[in-house]
Structure formats: structure tokens, C-alpha cells
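Here's what Swiss-Prot has on this protein:
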COMPBIAS  1-10  compositional bias 'Basic and acidic residues'
REGION    1-29  region 'Disordered'
TOPO_DOM  1-34  topological domain 'Lumenal'
TOPO_DOM  56-127  topological domain 'Cytoplasmic'
TOPO_DOM  149-161  topological domain 'Lumenal'
TOPO_DOM  200-212  topological domain 'Lumenal'
TOPO_DOM  234-262  topological domain 'Cytoplasmic'
TOPO_DOM  284-300  topological domain 'Lumenal'
TOPO_DOM  322-375  topological domain 'Cytoplasmic'
TOPO_DOM  397-412  topological domain 'Lumenal'
TOPO_DOM  434-458  topological domain 'Cytoplasmic'
TOPO_DOM  480-497  topological domain 'Lumenal'
TOPO_DOM  519-536  topological domain 'Cytoplasmic'
TOPO_DOM  558-570  topological domain 'Lumenal'
TRANSMEM  35-55  transmembrane segment
TRANSMEM  128-148  transmembrane segment
TRANSMEM  162-182  transmembrane segment
TRANSMEM  183-199  transmembrane segment
TRANSMEM  213-233  transmembrane segment
TRANSMEM  263-283  transmembrane segment
TRANSMEM  301-321  transmembrane segment
TRANSMEM  376-396  transmembrane segment
TRANSMEM  413-433  transmembrane segment
TRANSMEM  459-479  transmembrane segment
TRANSMEM  498-518  transmembrane segment
TRANSMEM  537-557  transmembrane segment
Amino acid sequence: MAKRSEKTEGANKSGRRRGPGSDAEGAEDSGTRRYSLWNFWVASTALKLLLMPGYYSTDFEVHRNWLAVTHRLPLREWYVDATSQWTLDYPPLFAWFEWALSQVVPGAVRRDGCLELVAEGRYGWPTVVFQRLTVIASEVLLYVVLQVYVNRSAAQERTVNFVVATSVALSPAFLLVDHIHFQYNGFLFAVLVASIVAARERRYVLCGALFTVALCLKHIFLYLAPAYFVFLLRAYVLDLGEFRFRSYRDLVFAVRWGNLCRLGGVVLAIMAVTFAPFAGVMPQLMARLFPFSRGLTHAYWAPNFWAIYSFVDKVLTFLMLRVPYVYKLATSLVQPPLIPASIDEIRARMAAGNHGTRGLVQDVSFVILPQIQPKLTFLLTLFYQVLAVLPVLFDPSFKRFIGSLSLCGFSAFLFGWHVHEKAIMLVIVPFSFLVSFDQRLLTPFRLLTASGYVSLFPLLYSSSSFVIKVLYTLIWCIVYHSALKRTVPASASVQRRVFFFDRLAAVYVMLLLPMVLGVKYLELLEGKFEALEKYQFLGLMCYSIYCAIGVCTSWMGLSWLYNFDEPLWV
């Protein structure tokens, strides 16, 4: 009994000695579990598995063909082969990703025709399952990166950052575009998010390396390059703390040459390893990556400035042809050749050109408004991106960098040439990490996410996809708009704001659902009344214009805060 008592007492003493450490470890473990994305991944994966048998777009055949191209052909023919119309038009690193996937194709999937290099693939359920699973598996990287983002947040920021991380992981864009329409954006944006996390931790070389990898995977990230370039230049390469310009020699000493060599060496090495094997076919590769022969707008107008421009052209054309004296009024204000010289010329232009309502991808011509050239879209994009990156030169903070990154994405989406509606993720993903800083950013963020996600609905035009896309997006907006309102910190200046814009934005967001239901009802009527068949473009136009209003307003709101609300960025 004595020995037993001694053992018990010793155990109690040792337990008391371990107590504080055990409590701390238990609290840390409990906190880790509280902010874990594991349950979200399990639940979302279950939903994605259920969606496997559903609709998929021609992008499924695109990626199947790329598997075949990279598996069957030598390197020098990857960007030359035109057996299928779905030619390889992503950067080489993504081509290597497709090659890696082709190496693990099971025998049953091979026999199903997954790796056949043909003009039009013929495959069945095994190929569908395999390719769907590759999207789900590759998206794991996004969850891992977001978990790192949450775990390495400061304790007081962990809750709001957890909300941001789950909002990105469960984004309707990734569900609709990747797991129904079929693409690999979750994997691609995971690399971009990793570079953002590295920037927050001031690991500048890693940030530059990861962004270079992302760029070599998906060339649309080139639109974000100005923000990365200026941020890394100012934060890592230049030492302007006590800089005083007296002579040009001072500029030499303002450069941290060792840092420049490290960062530049890593970036150039990644680019060299990626593109060097394709040096012999570089012209063909560049032509695939940047096809300026395509038109200003896609077959479905992306909700940007050019959608509104195209809509105004349609309205002016209608008014000048149908309403008396409108043309005379227009010519009294604007003289030819800025507008057509006569009504007959308007009719001739309508008969001759593609005006963006025929679902064609080639160049679009306008009837009333001036024609738009690629050079103009480039200059507009560059102008607004320069405005976005200039503040980073004076304040290379992480907050300024994310604001600049979001506005660079906005500029490219709103004013770029042949922008796809899916490119809205180029804006939403960076903005998601920005909104966590201040409640003043919530209104433009709500406008962007609501209108941006709804603008993706026409991608899934099958009736079976209607309920899932509307219901999932509606639930996401309700949950995350309210969660961010509760968790994002508010500053003192919020109390001095005029809330009319916020209320107007709330009305706009609420009217998105009636717009979607109204367009669906119009589509149902088209099948019953032949007279409505010639107005099939009206539904897509409603999506484009209404969503473009939200995206453009969000851009203007963020631009105002970025350039004129100085306390927000301190």
C-alpha cells in the first residue's frame, strides 16, 4: 500500500509538473483543430464526387487532347500539332503538368481512348472519372496553401483569415468552372496564393519564384506581374530608407545588388528551365499563348467595360434606325467619320459585320461607336495598372501590395482584349485577401463576388446545372458576406461614412436573383414561341450588362479607397 501511495503521489506530482505545458499544448491543438480546413475539404469533395456524372464543357475534350499530345508526341511538336482544333495554348509548365498526368493514366482509361491523338475524342465513363479525379486531387494544393496561410496568421487575425481561406476554398468559381465546366484553376491559383503568403511573410525570393512558376503554368497571371515587379523591386531590391539624390552614383548605391542577383537569378533560372526545351518552336508557342487574331469580346461578353461599350452601340443603333430625329441629333453633336455618314451606311455596317450577338469569336465590329484595336486595350490596361502600382513605390507594405494586385487584375479584366468571363477569378482571389483588413472594403467586395460569380452562370447552360449553380452561389453569398461583416475589423472612420452607396449596392446584389430567374423564364418561353428565337442573345446580354455594372462599380469603389482613403493603408 505504501508503494502504491508513493507511485500515486509521484504520478500526481509529475502530472502537476506537466500540467502547464499540457494545457498549453492542448489549447494549441484545440486551436489548430478549430481553424482546420479538413472538414471543408471532405464536405466539398463529397459534393464534387456527386457532380461527376453531370455536364461538362468542350474544355474536357481540350484537356483530354492535351494529355494525348504531351504523351504521344515529342517536345518539339507539342506547340505545332494541330490534329485537333483544341491545340495546346497554355505555357510549357502546364504542358509538363499534363504530361505528368498522362503517365499515371490507368490501363482501363487508356483502353477507353483517353490518350488517343485524334481530331475528336471518343471516350466513356472511365475517362470522365479519371479526369474529374485529377482536378479534385490537384486542388488539394489549394487547401494546403490556405491552411498554411491560416496557421501562420497572428492570433488576433486568425478568425477573419480562416473565414477568408474557406471563402476561397469553397468559391463558386472553382466549383462551377473546375468541377462542372472542367478546368484546373484550383491548382493554378494555389501557386498564386502561395506567392501571396510568401509576400506576407517577407520571403521575397520565394514570392518571386512562386509567382514565376504560376506564370509558367498560366500566362493570364502576366496581368498581375506589374504589382509583383514593383513590390519586389521596392521591398527587396531598392534601399531607399536614407536615399538622397545628389548624383547618378547615388542610384548605384540605392540598389541591393546581392538581393537583385538572388531574385533575378531564381526568376531567370525558372524561366530558362521552362522555355529552353521549346526554343526551336518559340514563334509557334508565342502565337498560341497570345492569339490577337481573336476578337475584342468573347462569344459571351465578359462583364467588363467592353460589354457596356457593345451594349451602348446596340442601343444607339436601334434608336437611330427606329426613333425619328435621333440620327439628326447625333450628327449635330458628332460629325462623320466618328459616326456613320448616313442611315444607309448604318444598315450596310449591320449587314456586313459581326456585332457580338451571333456567338462568334472572330473580330467584332461596331456600327455606331469607333472600332477598338488591341493597342488601345493594351494602353488602357497599362495606364490603370501604372496608377495601381505607383503607391507601392512609396509604401511597399503587404496591404498596399494586395491592393495593387487586386487593381491590376481589375484593369486587365475590365479593359483587356478578348477577356473570358472566367478571368474574374484574377480579381476575386487577390481581393479576398485584401478584404480582411477593413470593413470599408466590404461593399466593393460584395459587389464583385456577387456579380462576378453570377456572370459565370452562362458557362453552365444545361438545365440540370441550373439549381446547383444558383443555390450554391446564393448560399455562399449569404454565408460569407455575413461572416466577413462580423469578423472583419472596423476602423473609426467607418462611422463617418455616408451609407447611401452601401444600401444601393445591397439593392443591386438582391436584384441579381430576380435577374437570373427572369432570364431563365425567358429561355423557357423561347422554346414555346418561335418569334422569340431571334432574341436568344437577350439572356446573355442581361447577364453581361447587369454583372458588368456590378464589377465596374466595385472597381471604382476600390480605386477610390486605394487612392484617397489614406488611413485605410496605414
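The backbone N, Cα and C atoms fix where each Cβ goes, and this holds for glycine too.
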For the transmembrane segment (213-233), sequence-distant contacts whose Cβ falls under 8 Å of one of its Cβ atoms, 6 or more beyond its ends: 90-94, 97, 188, 191-192, 195, 199, 204, 207, 263, 270-271, 274-275, 289-290, 381, 385-386, 388-389, 392-393, 396, 401, 404-405, 407-409, 411-412, 416, 423, 426, 430
Beyond the flanks of the transmembrane segment (498-518) by at least 6 residues, Cβ under 8 Å: 443, 446-447, 450-451, 454, 457, 470, 474, 477, 542-543, 546, 549-550, 553, 557
Tally of DSSP helical, extended and coil residues in the topological domain 'Lumenal' (149-161): 10 helix, 0 strand, 3 coil
Proximity of the transmembrane segment (413-433) to the transmembrane segment (35-55), 3+ C-beta pairs under 8 angstroms: no
Chain residues outside the transmembrane segment (263-283) and at least six past its termini with a C-beta under 8 angstroms from it: 75-76, 78-80, 91-93, 204-205, 208-209, 212-213, 216, 232, 236-237
Helix-strand-coil residue split for the topological domain 'Cytoplasmic' (56-127), DSSP-based: 36 helix, 0 strand, 36 coil
Predicted model, mean pLDDT over the topological domain 'Lumenal' (397-412): 98
For the topological domain 'Lumenal' (200-212), distant same-chain residues with Cβ under 8 A (at least six beyond the ends): 149, 152, 191-192, 194, 221, 224-225, 228, 232, 235-236, 259, 262-263, 266-267, 270-271, 398
Most Cβ pairs under 8 Å with the transmembrane segment (35-55), selected from 162-182, 183-199, 301-321, 459-479: 162-182
For the topological domain 'Cytoplasmic' (434-458), distant same-chain residues with Cβ under 8 A (at least six beyond the ends): 157, 160-161, 163-164, 171-173, 176-177, 300, 302-303, 399, 402-403, 405-406, 421-422, 424-425, 427-428, 469-470, 473, 476-477, 480-481, 484-485, 488-491, 493-494, 497, 501-502, 505-506, 508-509, 512, 515-516, 539-540, 543-544, 546-551, 553-555, 557-558, 561, 565, 568
Tally of DSSP helical, extended and coil residues in the topological domain 'Lumenal' (397-412): 15 helix, 0 strand, 1 coil
Contact set, same chain, for the topological domain 'Lumenal' (397-412): CB under 8 Å, 6 or more residues outside the stretch: 196, 199-200, 220, 223-224, 226-228, 230-231, 235, 380-381, 384-385, 387-389, 391, 419, 423, 426-427, 430-431, 433-434, 437, 554-555, 558-559, 562, 569
Distant-in-sequence neighbours of the transmembrane segment (162-182), which means Cβ under 8 A and at least six residues beyond its ends: 35, 37, 40-41, 44, 47-48, 51, 54-57, 59-60, 63, 131-132, 135-136, 139, 142-143, 146-147, 149-150, 153, 189, 193, 422, 424-425, 428-429, 432-433, 435-436, 452-453, 456-457, 459-460, 465, 468-469, 472-473, 476, 480, 483-484, 487
